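To keep things clear, I will list the structure first and then write my remarks on it.
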Amino acid sequence: MAKTIAFDEEARRGLERGLNALADAVKVTLGPKGRNVVLEKKWGAPTITNDGVSIAKEIELEDPYEKIGAELVKEVAKKTDDVAGDGTTTATVLAQALVREGLRNMAAGANPLGLKRGIEKAVEAVTEHLLKEAKEVETKEQIAATAGISAGDPAIGELIAEAMDKVGKEGVITVEESNTFGLQLELTEGMRFDKGFISGYFATDAERQEAVLEDAYILLVSSKISTVKDLLPLLEKVIQSGKPLAIIAEDVEGEALSTLIVNKIRGTFKSVAIKAPGFGDRRKAMLQDMAILTGGQVISEEVGLSLETAGLELLGQARQVVVTKDETTIVDGAGSKEQIEGRVSQIRAEIESSDSDYDREKLQERLAKLAGGVAVIKAGAATEVELKERKHRIEDAVRNAKAAVEEGIVAGGGAALAQSGKVFETLNLEGDEATGANIVKVALDAPVKQIAINAGLEPGVVAEKVRNSPAGTGLNAATGVYEDLLAAGINDPVKVTRSALQNASSIAALFLTTEAVVADKPEKAGAPVDPTGGMGGMDF
């Protein structure tokens, strides 16, 4: 495909137009009085959202240079969302301000590499300042305030705080769509996975269609069980112990399954057969998690263990196993605390080293099942459009709350960034580096100005007042009052604030040092095809 090349000012201005087109669409959502954006979908109802990254992903521009400019800012929003789960609009607003100021200074003759070094040093200083100023999240109320601001709804914040209180900071909080109106919270203690019993005959409560095994043995097998002779020696030992047995295997079929069902119906022996969750390596890992949680071992040929020779010492144990047709919950496994902690550390290390969002999410789920618990927030709404928007807001707020617990909180409303300008007094920079640092100083006011604009206030006046207020004092845009924002429960996770600044400055610095852009040349539209195939004189 033919390429088109632009140089110097033309290249940078083309990129800036794309950046501005995207940023202008995103920044209207910032703050408590920010508006929503409607996104058209090719199929189904349109989506209404105030999430910066969702809006950014939908924007495709026609001009090749503008398209690249927009893609660069999309990267800022996406990276901030990946790291912190929120702050995508703030990151976009900061990137726009940094690029605008940077290009203005370059037009006045500043050297782009000097500006880049100055921007990097200034951002490093501001990041250190923010981390130092951050307050640890110690109370349920602080989590509720942080999540409530992210979701724009205090009720959602309180529900998330309650969920985190119950499952701990390592626990998984999932959001599901509900058929009923409003919000509900469901909590699960122990390990739950999405596989139920293989046959309904295993149910101990026919009305509720669930099997409940108290003080049960748990047999974990990595392969299929089909012949009863493999299982018989172990079954006899379990029957003698008088305890029920839960079998979790790749599958249980044939005469092995028939024998278990017949014994269950006759009341000879209480058992339940369950398919292991997941596939391939993930299934092996989850079985190993269960083994560590219950104090048993996975019977697998890979480690030289077989069913025929297995004894009771290889079985896991749990206070209770609850199985329905769709899911299984293991409560209070008998595994040793040290082994569980070791496994948790191992999974945490895998999360750190993984570069796949999907893998990270699955590892996080495994971690929660071992270390904390699972909370499910069920959200309902009057229409499908509202339901999607609400679910998205809750998911963002959950990630926001987790970020707050991780690194602490700073004053919200853009105040923490605007007041970080004081660190520039300690930076001894000269020439273009000092100019680069000043670009950052000016850009730090951009979020508070945009919040003021969206609230119908004068941005310059608000920014000036916030900048010169005591640390932590700023504008509560919802009420129009200047107050101690942390005391008023208006806070942002420092992880979100610093990620927004770091990612915005990274792209802005690259933007300013760009001297040429190579893009695909737009193809000329071909002549319309004659539907008659060139055959004239056709009458209908």
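Placement of Cβ uses the backbone N, Cα and C atoms for every residue, glycine included.
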Which of these, Asp432, Asp492, does Swiss-Prot say binds ATP at the same site as Thr29, Leu30, Gly31, Pro32, Asp86, Gly87, Thr88, Thr89, Thr90, Gly413, Asn476, Ala477, Ala478?
Asp492
Return the count of C-beta atoms lying within 10 angstroms of the C-beta of Asn476 (ATP binding site), excluding that atom itself.
19
Including all protein chains displayed, how many Cβ atoms other than that of Ala478 (ATP binding site) lie within 10 Å of its Cβ?
15
Once near-sequence residues are set aside, which residues in the chain of Asp86 (ATP binding site), 6 or more away, have Cβ atoms under 8 Å from its Cβ?
Thr80, Ser150, Asp396, Ala397, Arg399, Asn400, Ala403, Pro493, Val496
